[in-house]
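Participant: Positions annotated as GTP 1 binding site by Swiss-Prot: 16-23, 62-66, 123-126. According to Swiss-Prot, the Ca(2+) 2 binding site annotation covers D321, D323, D325, C327, E332. The feature GTP 2 binding site is assigned by Swiss-Prot to 433-440, 470-474, 537-540. The transmembrane segment annotation in Swiss-Prot covers 602-622.
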Amino acid sequence: MSDDETLADVRIVLIGDEGCGKTSLVMSLLEDEWVDAVPRRLDRVLIPADVTPENVTTSIVDLSIKEEDENWIVSEIRQANVICVVYSVTDESTVDGIQTKWLPLIRQSFGEYHETPVILVGNKSDGTANNTDKILPIMEANTEVETCVECSARTMKNVSEIFYYAQKAVIYPTRPLYDADTKQLTDRARKALIRVFKICDRDNDGYLSDTELNDFQKLCFGIPLTSTALEDVKRAVSDGCPDGVANDSLMLAGFLYLHLLFIERGRHETTWAVLRKFGYETSLKLSEDYLYPRITIPVGCSTELSPEGVQFVSALFEKYDEDKDGCLSPSELQNLFSVCPVPVITKDNILALETNQRGWLTYNGYMAYWNMTTLINLTQTFEQLAYLGFPVGRSGPGRAGNTLDSIRVTRERKKDLENHGTDRKVFQCLVVGAKDAGKTVFMQSLAGRGMADVAQIGRRHSPFVINRVRVKEESKYLLLREVDVLSPQDALGSGETSADVVAFLYDISNPDSFAFCATVYQKYFYRTKTPCVMIATKVEREEVDQRWEVPPEEFCRQFELPKPIKFSTGNIGQSSSPIFEQLAMMAVYPHLRRVFYLNDSNLLSKITFGAAIVALAGFLVLKNL
């Protein structure tokens, strides 16, 4: 294929018996008149986009069986977007050749079940000859045949229409949308249009009201429908689909039927305009650019929901919280994410989030989910937001945008340290500890779950827990991430060592528990700028001496760490525990590490930032903010 041809949006290949007028058709198209002297075969022709009705660059290839070997012919056919099989209406043998030679050759090239459209072109129709009785059975028996056009290169009859239909067959193909055998929408098309309907059903009542229909019309086509046009649409649907209209609104069945009507009436471009507005490619899959927009995240930066992203996901919650109880029941949650290809929030990963006593996702837990995913798995956030309909309508007519507007890239941490402040909302805390140190109980407490809840959690559960905490009268998200290491010699990944704060948990009743924490700290976090704190668990039990060079308190003094914090029974299940507030404060203000060291951790956790702050710790914090 030539370099110029690789730029073509549509590649049309003409095949057919010798003498059918393939070359004459191309010459008549180029010259806009009949040409008496034509070559045996033309080289490839490239037609610029600005002279085509659909504004697409088009390549036309004139194949000659006699002049080329079969392998080359097959190779050329395989590169085609659409194939025109040319026959002569004055020669019935060329009609027979469609079934005996050309369609089999096309299937040999693409495989028995292919989706490359085929157009039958009956040339030399300037006389009285008519082959309709033979052509119609061919079209009915071969679903890849999109249409048949009779034309005349001599009189210019339908010459430009042939190539227009060929372009349309590629740009607005029928087969992905319509099953010619069942005369119904394909499963892929139904699934895509159901997603479109659910996104446009703003109030989630199962209907498209006149307002929602008009919003849909303006979004996809740039102009509103008149009241008369709206009534005509609903009347046409009611006539053919009794269940399509109710309460003077369009139901899902009616919406699907409306697009079936468009396709059956040859208005495929209408349905394709809708589908492409909502991100679909010809394969009826969402485009990669739509799902995964390119983004560069500098080292030291993180990603969070932007105000637009927060507004979008918050509105989704309101839309699908049908009983307005501030929670999403399993059915409401399933309904919200029904347009996504795979389950989003499962029984396992819901343990990372706040739920009510029935295990239903609260609004707080729902928003925490999006903040967690955006921080640790941005690709997943992009994908899910795209399926859910963000940012349809933001990028102009005929195209879906991308999800970049849904997120913001935070400032580099190094600059935050230099400026003694940050505008970040989400912070990650690494939770490190030996087996049975109480990590699961500690982490689940952030989600408000007590011992009885933890007892029901299986061994395989999410290594994350996230919730909102208050820091200096601001709402932040603290994401706890458990480090799954069996021994302190196990290596930590770069993602694990780049946390905002680290909590080392040790069991005061296990003499070997602290050694695990001390070893990991010295190996990975000593002399780094990451704030760290030791947390003593199971403090109601009898404390034993730890098998380490020095006791935990002395270890913290030597390494200028805050004194160990006690995680007691009273903290279990308390998402508002001062311990979580202190971890968040250390993450938000890492430049205050020495303040945390100089002062008692329990005192510091109780500090209230306001107009008047007492004690030395308050003075030091104010001085360094």
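Quick reminder: no glycine exception, Cβ is built from N, Cα and C everywhere.
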Participant: Between the binding-site residues G16, G19, G433, where is the Cβ count within 10 Å the lowest?
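Facilitator: Comparing Cβ neighbours within 10 Å for the binding-site residues G16, G19, G433, G19 has the fewest.
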Participant: Using Cα coordinates, what distance in whole Å links D321 (Ca(2+) 2 binding site) and S125 (GTP 1 binding site)?
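Facilitator: Cα-Cα distance, D321 (Ca(2+) 2 binding site) to S125 (GTP 1 binding site): 63 Å.
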Participant: Let me check the 10 A CB neighbour count of D325 (Ca(2+) 2 binding site). How many other CB atoms are there?
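Facilitator: D325 (Ca(2+) 2 binding site) is surrounded by 13 other Cβ atoms within 10 Å.
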Participant: Name the residue among the binding-site residues K22, K439 whose Cβ has the smallest number of other Cβ atoms within 10 Å.
Facilitator: K439
Participant: Measuring Cα to Cα, how many angstrom lie between G19 (GTP 1 binding site) and E474 (GTP 2 binding site)?
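Facilitator: About 81 Å separate the Cα atoms of these two residues.
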Participant: Which binding-site residues (L63, D436, V471, E474, V539) fall within 10 Å of D325 (Ca(2+) 2 binding site) by Cα distance?
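Facilitator: The binding-site residues close to D325 (Ca(2+) 2 binding site) (Cα within 10 Å) - there are none.
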Participant: Can you give me the same-chain residues 6 or more apart in sequence from S125 (GTP 1 binding site) with a CB-CB distance under 8 Å?
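Facilitator: Long-range Cβ contacts: V89, E150, C151, S152, K157, N158.
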Participant: Give me the CA-CA distance between C327 (Ca(2+) 2 binding site) and D436 (GTP 2 binding site), in Å, as a whole number.
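Facilitator: With distance taken Cα to Cα, D436 (GTP 2 binding site) is 33 Å from C327 (Ca(2+) 2 binding site).
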Participant: Could you name the residues, excluding D321, D323, D325, C327, E332, of the same chain that surround the Ca(2+) 2 site, i.e. Cβ within 8 Å of the Cβ centre of those residues, in sequence order?
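Facilitator: Here the nearby residues are E322, K324, G326, L328, S329, W360.
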Participant: Given a separation of at least six residues and a C-beta threshold under 8 Å, show me what packs close to D436 (GTP 2 binding site) in the same chain.
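Facilitator: Once residues fewer than 6 apart are set aside, D436 (GTP 2 binding site) is near D507, N510.
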Participant: For a quick check of packing: other C-beta atoms within 10 Å of the C-beta of D321 (Ca(2+) 2 binding site), how many?
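Facilitator: If we count other Cβ atoms within 10 Å of D321 (Ca(2+) 2 binding site), we arrive at 20.
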Participant: Rounded to an integer, what is the Cα-Cα distance in Å between E474 (GTP 2 binding site) and D323 (Ca(2+) 2 binding site)?
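Facilitator: With the alpha carbons as reference points, the distance is 30 Å.
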Participant: For C327 (Ca(2+) 2 binding site), which DSSP three-state class applies?
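Facilitator: Assignment for C327 (Ca(2+) 2 binding site) reads strand.
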